[in-house]
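J.: I am attaching a structure below and will ask some questions about it afterwards.
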Amino acid sequence: MAKHLFTSESVSEGHPDKIADQISDAVLDAILEQDPKARVACETYVKTGMVMVGGEVTTSAWVDIEEITRETVREIGYVHSDMGFDANSCAVLNTIGKQSPDINQGVDKADPKEQGAGDQGIMFGYATNETEILMPAPITYSHRLVQKQAEVRKSGKLDFLRPDAKSQVTFQYDQGKIVGIDAVVLSTQHCDSVTTPDLREAVMEEIIKPVLPSEWITKDTNFFINPTGRFVIGGPMGDCGLTGRKIIVDTYGGAARHGGGAFSGKDPSKVDRSAAYAARYVAKNIVAAGMADRCEIQLSYAIGVADPTSIMVETFGTEKVSHDIIIEAVRQFFDLRPYGLQEILNLLQPIYKQTAAYGHFGREEFPWEATDKAELLRDFAGIK
């Protein structure tokens, strides 16, 4: 592809689907804090005045689902009834049951190293050297815009903003390299008192300009700030929210393939989550080692079976060493069994609530973002 455009979108922590994701992961974290070996599959539904938390959990822990839910909604910023959703007064329904013993017998083994996958499925991981965090630029800057929206809202700098927001950034590429930004969309919920011109000016000056690199902005860049002109009704009052509905926002913004499995609310025995994190870890280390400019990893699993049923490595013609060397390096240096994923990436810890908004990848605080295998891979491949 010579010249082309590519677009990704993100949503804020106050988007209904992201409220649901954060509640599911807050419940997961609270359980893992007491019982790291718990089996958790937690789903959340939110709508005006109501949160329903359901799923399957097997654990020795006890957690206060209602209080976790209210505190999560409170932290996001829905604390007044005039927003259509209030952490202090919304109904919280709990319909959590136990995990099926039929699933359990396939996962739990006498030898922990032979722990089986919690389900069948396919997972993808991706990395590219087009940004310093080895992530695609469109999703990276889409996340940063809505993160900035939350920052200026919570600090009171733009006190007329409300929690719900969406962003979208279109990048221009030439021969695979970024040459500019073609379009920026940012829609943010707001209180009724602010005028559209004032809001648009404030968003441009306090959110967009501080986030997007000026060298990529030209006179031809299009900006669409609250293009409908009004966004007062938002959050769960505007749309219902469900866990697991923002899987492309959570990953690579469409720049890589997706196996279809969502992440939030799932403990690390669920390979939908842990293997997707591991695939990112592998792809990122391959790119960090200089073995390729872009790398996509596919993994697949069978329920109750420890070893992956397949491993695929795609480098899109950007590899700097033989494809066979890359595949051998993956097999030799990465333990991709469920137990191996949990141990290498230290996944049995309560770190998941913070993943549930602004993307699971490209954030250095998470263990799957480490490039600690890069030097080993360079030596193996003979890269100087």
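Positions of Cβ are set from backbone N, Cα and C atoms, glycine also.
The ATP binding site annotation in Swiss-Prot covers HIS15, ASP164, ALA165, LYS166, ARG230, PHE231, ASP239, ARG245, LYS246, ALA262, LYS266. Annotated Mg(2+) binding site per Swiss-Prot: ASP17, in sequence order, evidence recorded as sequence analysis. What Swiss-Prot records for GLU43 is K(+) binding site, and it gives sequence analysis as the kind of evidence. For GLU56, GLN99, ASP239, LYS270, the entry in Swiss-Prot reads L-methionine binding site, with the evidence type sequence analysis. Marked as region 'Flexible loop' by Swiss-Prot on the basis of sequence analysis: 99-109.
Are these features on the surface or tucked inside, and what are their neighbours?
T.: All protein chains shown were included, and the count of other CB atoms within 10 Å of the CB of LYS266 (ATP binding site) stands at 27.
According to DSSP, ASP17 (Mg(2+) binding site) sits within a helical segment.
In sequence order, ALA20, SER24, VAL53, GLY54, GLY55, LEU242, THR243, GLY244, GLY265 are the residues near GLU43 (K(+) binding site), counting only same-chain partners six or more apart with C-beta under 8 A. In the three-state DSSP reading, GLU43 (K(+) binding site) counts as strand.
DSSP classifies GLU56 (L-methionine binding site) as strand under the three-state reduction.
Over the region 'Flexible loop' (99-109), the average per-residue pLDDT in this prediction is 60.
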J.: Around LYS270 (L-methionine binding site), how many other CB atoms lie within 10 A of its CB?
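T.: 23, counting other Cβ atoms within 10 Å of LYS270 (L-methionine binding site).
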J.: Once the chains shown are all counted, how many other Cβ atoms turn up within 10 Å of the Cβ of ALA165 (ATP binding site)?
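T.: If we count other Cβ atoms within 10 Å of ALA165 (ATP binding site), we arrive at 29.
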J.: Could you say which of the binding-site residues HIS15, ARG230, LYS246 has its Cβ with the most other Cβ atoms inside 10 Å?
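T.: Of HIS15, ARG230, LYS246, the one with the most crowded Cβ is HIS15.
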J.: Among the binding-site residues ASP17, GLU56, LYS270, report those whose Cα falls within 10 Å of that of LYS246 (ATP binding site); none is a fine answer.
T.: ASP17
J.: To the nearest whole angstrom, what is the C-alpha distance linking ALA165 (ATP binding site) and GLU56 (L-methionine binding site)?
T.: 31
J.: If you measure LYS266 (ATP binding site) to GLU56 (L-methionine binding site) at Cα, how many Å is it?
T.: 10
